[in-house]
Ligand SMILES: CC(C)=CCC/C(C)=C/COP(=O)(O)O
């Protein structure tokens with residue numbers, strides 16, 4: 001008499017073609033027919049074709065097929081469910097491999113001895129142009145110096161946007177915790193502890209957000225507008241050339257900064273809102 005385990009060939013991580021003679025389970029060849037002494041329900045699918053089909057199934061799928069007791073019904077649906085996650089996993093790991101390879105290849109200013117090491121000082125200058133401190137200090141200074149209500153409104157919203165950017169980037173970096181590329185030298189000035197992580201690039205978010213802000217509110221002349229776009233692109237590119245970031249950190253940073261600008265527009269502080277807020281505080 002078969003043991004309870006052999007009645008349910010699905011459990012125990014074993015194959016439906018487990019032999020159970022004298023109480024022991026042995027893996028049997030999947031291409032050989034099952035032992036004649038097996039009960040009829042175990043002999044289902046004992047022909048070589050079905051056995052091969054089962055052999056190609058993963059343990060998870062075998063688990064899932066217990067309800068159809070080897071009838072084969074429901075397989076196409078299960079195939080759809082199982083193929084997708086593995087396809088996504090393969091696609092993601094391929095993307096990651098390409099990202100790491102591209103980032104390493106492009107990190108040509110990562111140190112002075114790198115192939116483009118002589119350009120490193122220029123890249124570091126571009127880095128400073130996208131750093132949070134000059135942007136916060138510059139905006140606060142313009143806010144203080146501005147004598148028109150419109151100017152103050154614009155500068156205040158830019159200042160709030162810069163703070164929002166710092167908070168959001170900190171949160172995402174702390175959650176994702178992706179390490180910076182191995183070839184990066186951590187010699188950036190004024191960093192927070194969360195800046196040991198690289199995803200997303202804070203410089204890229206700031207460049208995209210401030211770039212959009214400048215284009216929408218401050219820079220109208222066409223040649224200057226081109227320079228703003230060029231500057232934002234160079235800030236992003238310099239992150240990879242300096243070896244600070246992987247390409248995907250910068251791409252995501254650009255996207256995040258772009259969306260952050262939409263957020264600034266949505267939460268725009270008008271003088272009336274500001275007066276209301278200040279009135280509530282007083
Ligand atoms: C200290 C302040 C106000 C901001 C820190 C700015 C900073 C160093 C961000 C890191 O940027 P990446 O993520 O692009 O390396």
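The backbone N, Cα and C atoms fix where each Cβ goes, glycine too.
TrEMBL lists transmembrane segment at one of the ranges 108-130, 131-153, 154-176, namely 154-176. Annotated range for transmembrane segment in TrEMBL, selecting from 213-238, 239-264: 213-238.
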